[in-house]
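Shown next, in structure tokens, is the structure this report addresses.
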């Protein structure tokens, strides 16, 4: 056999050996995480069975991650040692760093190919073995999208819109204030120490942006178990959902400024350009997310794919995930897009789905959210011991904790004072203390920090963020129930008592009630509610009245094309229902208003759709039930008018 043939066999053998070793390590890493998730699930079951609410599953995931991380730190998962070939004093072409580097081995006629990993500052190159480490892009492309989408898809819009003003104030204005104030305090503090002089002002602002992302998953889970006041729950949940999106766009805008700025020189033009980029990215991502949600609604409305629930669910999942990819491919922010896609899918597409797909999509994204959240917290616990490029500085960690606490207090107290000038139901000091206490840092801040650890400053940010996430999740999450009792915040609140008759399937609204609802809404919400009712819902769902009744007659040829058979059927049923006399209805529990010849049907929203058919809701006589049966089509749109707020504050 010739020497070239022998060399080829050696190359093939080494490549196969390397591939098999990498595959074995990847399988072992995934097995470790899968086993830990199983242990977390079993522990949660034990805690729920014992009614033990003081430790959330995220805390358990962290603790188990600590244990495995400590074990892996002192053991090796590979039989081969890491060999590093250093090339000192190598001059690369200016502004043209190669993506691949090849070396020719003259001993066996082989060429070795190495891919580009990125520029690293000296002493930050991860030369040690990467134990149980994943590419940071996995978090952004696979793990975070289901978490963010589920937040929008499972949102209780009724309470969200009732407190929309406070949520927007805390999420948009509050997050921006927190980012700037945290950055300024950190920058002013670190320059008191000469060893931290590498931490620039833009580094401080970037750190302020990523560490301002709140993730009160532990608090909200305990809130849900204890049935805490629904408005307080809505404010904290709504702030955390929008807060993540704002933090990501802020961080990206700061990075763009740093990329184009001259070192140690302030560039006003570039700053304005970065500020403009913030609004362009946010609005563009919102447009893609809402557009994909509307497109999915149209696809599910005008096709009969609901006859095949498996295909329908698959289409829903693929369209939702493609929203993230489309936004990222367009150079925008997929996290913002997928959040608003989830909201629009819940508001429109959900009502076009078959009952099987409605249940499947809720359960599926709830499962994705549970697994992704716990995976990230297990990963945080493990990498605290195994990450090779940690940069520890206890002074910076303490200063950072003090800065974020002060910024949190400043934002909540100041913005609550402003909101209380306009709110009919002011945010009490007890609620303010609970909102401050609920400002945990979690998975999103960690994912932003681990994305780039190429310099001393970024490594310090990552280490500090990990410690802050661990401290806030364990400390704040464990003390939620005692703090609730100490502040005497309402618990065991039945949501049904918050909105009277919210579970009635049909309700007749008189002119007086309509007028009260209009007066109780702000001008903006009132206009959107009207537009949503006469155009968006009839266009995107099977809701009644159809576009043929809400739009001008001159558009009749177009509106007929956009009206489905179900909507025409409901129109005929509505006409037959209007011909019934009041004597045909039960006077005690009638769904018809005897004061009106042509009643107006109002449907409940998705939040209470699971139990709208409970027996107690329908006590009318036999003839009334026969009429209602003609109306109870599973494709009927759940009208969200009741879900809109009395005020946006």
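We number each residue from 1, going along the chain as drawn.
Glycine is treated like the rest: Cβ placed from N, Cα and C.
A quick note: this is a predicted structure, and the numbers were derived from the prediction, not measured.
If you look up TrEMBL, you'll see 28-47 (among others) marked as transmembrane segment.
Look at TrEMBL and you will find 39-485 tagged as domain 'Cation/H+ exchanger transmembrane'.
Long-range contacts of the transmembrane segment (54-72) within its own chain (CB-CB distance under 8 A, at least 6 residues past either end) are made by residues 32, 36, 39-40, 43-44, 47, 131-132, 217-218, 221-222, 373-375, 377-386, 442, 470, 473-474, 477-478, 481. What TrEMBL lists as transmembrane segment is 54-72 (among others).
According to TrEMBL, the feature transmembrane segment maps to 138-155 (among others). Using a Cβ-Cβ cut-off under 8 Å and counting only residues 6 or more beyond its ends in the same chain, the transmembrane segment (138-155) has close neighbours at 237-238, 240-241, 244-245, 320-321, 324, 328, 334-335, 338-343, 345-346, 361-362, 365-366, 368-369, 372-373, 375-376, 443-444, 447, 450-451.
The transmembrane segment annotation in TrEMBL covers 167-193 (among others).
If you look up TrEMBL, you'll see 205-223 (among others) marked as transmembrane segment.
The transmembrane segment annotation in TrEMBL covers 275-298 (among others). Within the same chain, residues 245-246, 249-250, 252-253, 256, 315-316, 319-320, 322-323, 326-327, 330, 332-345, 347-349, 352, 539-541 sit at least 6 positions outside the transmembrane segment (275-298) and bring their C-beta atoms closer than 8 Å to a C-beta of that stretch.
Per TrEMBL, the feature transmembrane segment maps to 318-344 (among others).
According to TrEMBL, the feature transmembrane segment maps to 364-385 (among others).
What TrEMBL lists as transmembrane segment is 397-422 (among others).
Long-range neighbours of the transmembrane segment (434-454) within the same chain, counting only residues 6 or more positions beyond its ends whose Cβ lies under 8 Å from a Cβ of the stretch, are 58, 118-121, 124, 136, 139-140, 143-144, 147, 170, 209-211, 213-219, 232, 235-236, 239, 244, 247-248, 251, 372-373, 376-377, 380, 383, 389, 404, 408-409, 412, 416, 427, 461-462, 465-466, 468-469, 472-473, 476-477, 479-480, 483-484, 487, 489. The feature transmembrane segment is assigned by TrEMBL to 434-454 (among others).
According to TrEMBL, the feature transmembrane segment maps to 460-484 (among others).
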Taking the transmembrane segment (364-385) as the first stretch and the transmembrane segment (167-193) as the second, find out whether 3 or more Cβ pairs fall under 8 Å, excluding pairs closer than 6 in sequence.
no
